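As given in TrEMBL:
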TRANSMEM  16-34  transmembrane segment
TRANSMEM  73-89  transmembrane segment
TRANSMEM  101-122  transmembrane segment
TRANSMEM  128-145  transmembrane segment
TRANSMEM  178-204  transmembrane segment
TRANSMEM  234-251  transmembrane segment
TRANSMEM  263-284  transmembrane segment
TRANSMEM  290-308  transmembrane segment
Amino acid sequence: MDRRTLLEALLGDGRFLLIFTAIILVLSGLFVIVQSVTGHFLPHDISYLGMDANQLSAFNNGTMTRFMFHDRVSFGGSIIAVGLLYMWLAEFPLKNKEAWAWYLFLFSGLIGFGSFLTYLGYGYLDTWHGVATLLLLPFFVAGLTRSYSIIIRNSAVSDVFLAKEKIDFKSRYGIGRIFLLFSATGMLLAGVTIMIVGMTTIFVPQDLEYMNITVCGIEKINSNLKPLIAHDRAAFGGGLATIGLLYFFIIRRSGPSINLWQILALSMTVGFSTAIGVHFLIGYTTTSHLLPAYFGIATSVVGLILTYSGMKSPKLSEEVLA
């Protein structure tokens, strides 16, 4: 006799809740991008600043407004990418009872949800962000709790740190994995750096050059601008660090498969197109500022090209470079 309660039947093995979390992240990212592209601040932003986007655009030819939107579009792209990777993790490795996938959910969740606490560094508490985090967190935690039963027999935290296979430096697939791991490491380090910048100096020299203003000048326009911009920067940094962590361990821990290649290509396309594309959209194209992103997209594209045949037909993953 099936003795499950209705709630237990609804929740299932917990993967549904993790996929639900992923879907909400994707929808949230789309909302942030649309909100920014249409040139509007959120109501709580307007309340905090005491001015809307049009009023702020009256200063410095609108560069400060566009600068804020570029951080938000980048953040939106990052959480869409995280959501896509979460869907793949839940539907493939976790469904196949691979313990590393569960622990990767745990570790990435600590960084992703924990990055909200960076508000302590800049003094601005985004109530909407806070409420959204508190509403989504229970679904994520419940999903982790329920899904632990899937991997309990194979559960070992060290499993996430073990490489699926040794990298063959003589094969196309092996060289491609190295490029992808370099890209993932760069994203993780860049994300952590951006979080630190958001909590401390907030701006890099190229930012101020683009806006044609000094930090003191920003404070004179509105003393609340710095904390708000810092919040946006730290949020994007947290999203980027989460992506880097996910990419690194997914690439290192997964075996070759076409669905893995597809989710890497899709999520990287979303992440890079928003993060780099928005810079050209607003005219912030300083080479020194975008160079790390160019390096990231170059290594990612090369990695995806070299791993494609091995991912599509795993038997070809040992194909030696001519």
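Quick reminder: no glycine exception, Cβ is built from N, Cα and C everywhere.
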Original post:
When each of 73-89, 101-122, 128-145, 178-204, 290-308 is checked against the transmembrane segment (263-284) for Cβ pairs under 8 Å, which one has the most?
Top reply: 73-89
Subject >> Most Cβ pairs under 8 Å with the transmembrane segment (16-34), selected from 73-89, 101-122, 178-204, 234-251, 290-308 >> reply: 73-89
**OP:** Kindly say whether the transmembrane segment (101-122) and the transmembrane segment (290-308) touch, using the definition of 3 or more Cβ pairs under 8 Å where each pair is 6 or more positions apart.
**Re:** no
Original post:
In the same chain, which residue numbers or ranges, 6 or more beyond the ends of the transmembrane segment (178-204), come under 8 angstroms Cβ to Cβ?
Top reply: 115, 118, 121-122, 167, 169, 215, 226, 229-245, 247-248, 251-252, 264, 289, 292, 295-296, 299-300, 302-304, 306-307
**OP:** Can you tell me which of 73-89, 128-145, 290-308 gets the most C-beta pairs within less than 8 Å of the transmembrane segment (234-251)?
**Re:** 73-89
Original post:
Same chain, outside the transmembrane segment (73-89) by at least 6, Cβ under 8 Å from its Cβ: which residues?
Top reply: 18-19, 21-26, 28-33, 36-37, 101, 104-105, 108, 112, 232, 235-236, 239-240, 242-243, 246-247, 250, 259-260, 263, 266-268, 270-271, 273-275, 278
